Amino acid sequence: MSTIDKNLLKSKFRGSLLGSLLGDCLGSPFEGDVITPGEKLVIQKYFDKLETPDLKGPKRCYTDDTAMMKEVAKTLIDKPEIDYKHMAKLFVKEYFSEPHRGYGQNVVEVFNKLRKTKFEDIYKPAKEQFNGSGSFGNGGAMRIAPVALYFHDNYDAMINVAKQSTEITHTNSLGVHGAVLQCIAVHQALSHDPKTAITPKDFCDELTKKIKVVESENDDGLGLHDQNPYEDKLNFVNYFLGIKCHEELDEEVAQNLGNSIAAYDSVPTAIYSFMRAVQNDIPTVNTDNLFRRTIQYAITLGGDTDTIACMAGAMAGAYLGEEAIDKNMAKQCEGYEMIVDLADKLYAAAVK
Ligand code: F2R
Ligand code: MG
Ligand code: MG
């Protein structure tokens, strides 16, 4: 990774954070929808229109995905030593300044407790969620891209920071490992030369090897429950990638990989969307632009569309760089300039 050209790396930082933003802003109007063939046409027209130069009208708003992602980035920019209390404070401050960004129902309890206890133990409120089992929502994964970028040349530190920053709000192993898997996927995408095609099977096999190591830390040796859920899901991703893409397959993918608010049912789906888009044409998504194809396809899988598109967009942007993202489309998104500025500051903090 250290041999990567600096201008390209800077473009990839911008690409990944913008990918997150665009996935979130453009996916959120469809959150919770079951996408019919008719709606896929609507989505195609919606994306075509977004490429129009100087399109007038209100901007597409970002949601909790971007609101929290930008606070993760700010934490990394603000201090050379990662300060998790500072991160927790930024999350809480952001939530209470704009609570109507569509946050997960239960994570709000964590913010309230953190504030009430004056951040005395920043990990305690999250541990208490769901009668002590912790949240398995995708809230950790949706905001993790800045960690993958910042630690582009330090894999072990990246894994550690991905875990600790997620545990401020999510302590269930499915929530934490989902965030780690998303982080590894962005990190891997970042290391690929955008001029060279990614081989989806190789990409997935590499991810599987890495997540196996992470999941093995949970192994109690008793064999009582599925110890490698993400490894198993990635095998499913590979299986679906081996089938020729057709419209009916989307429903099967949504059912088997999932498209819900749970990390387990959305992070693998985001990886699949990115892999499917770089692999070949998708019949229901009419564009040659790989970045657009990734987020448009992720949205057509329905369910938690803002978050799945946000996570897939972070991977596609990290691979392709800023140049792959249509400027007209990007400018339609609230916070476009702010995210470019944040990506540049993150790059300056990460690359000395
Ligand atoms: N909240 C939403 N979408 C709802 C609709 C929004 C609407 N469009 C609007 O604007 O109002 N989206 C956002 O939430 C997801 C991230 O959630 P996060 O941060 O993980 O939150 P939380 O509350 O921890 O978990 C979410 C839900 O998952 C279920 N759950 C989690 N752990 C559980 C457990 N151990 N046992 C049972 N259920 C568990 C709960 O239903 C939680 O409320 C993103 O999609 C973001 O976009
Ligand atoms: Mg959201
Ligand atoms: Mg969502």
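Numbering starts at 1 and runs along the chain as displayed.
The backbone N, Cα and C atoms fix where each Cβ goes, and this holds for glycine too.
What TrEMBL records for this protein:
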{"type": "BINDING", "residues": "Thr63, Asp64, Asp65, Asp306, Thr307", "note": "Mg(2+) 1 binding site"}
{"type": "BINDING", "residues": "Asp304", "note": "Mg(2+) 2 binding site"}
Position of peak Cβ density within 10 Å, selected from the binding-site residues Asp64, Asp304, Asp306: Asp304
Of Thr63, Thr307 (the binding-site residues), the residue whose Cβ has the fewest other Cβ atoms within 10 Å: Thr63
Long-range Cβ environment of Asp65 (Mg(2+) 1 binding site), under 8 Å and at least 6 residues apart: Ser20, Gly23, Asp24, Met142, Arg143, Asp306, Thr307, Cys310
Alpha-carbon distance [Asp304 (Mg(2+) 2 binding site); Asp64 (Mg(2+) 1 binding site)] in Å: 13
Three-class DSSP secondary structure - Asp65 (Mg(2+) 1 binding site): helix
Neighbours of Thr63, Asp64, Asp65, Asp306, Thr307 excl. site residues, C-beta within 8 Å of centre, Mg(2+) 1: Asp24, Gly27, Ser28, Glu31, Tyr62, Thr66, Arg101, Gly102, Met142, Cys310
Pairwise Cα distance for the residue listed as 'Mg(2+) 2 binding site'/Thr63 (Mg(2+) 1 binding site) [Å, integer]: 12
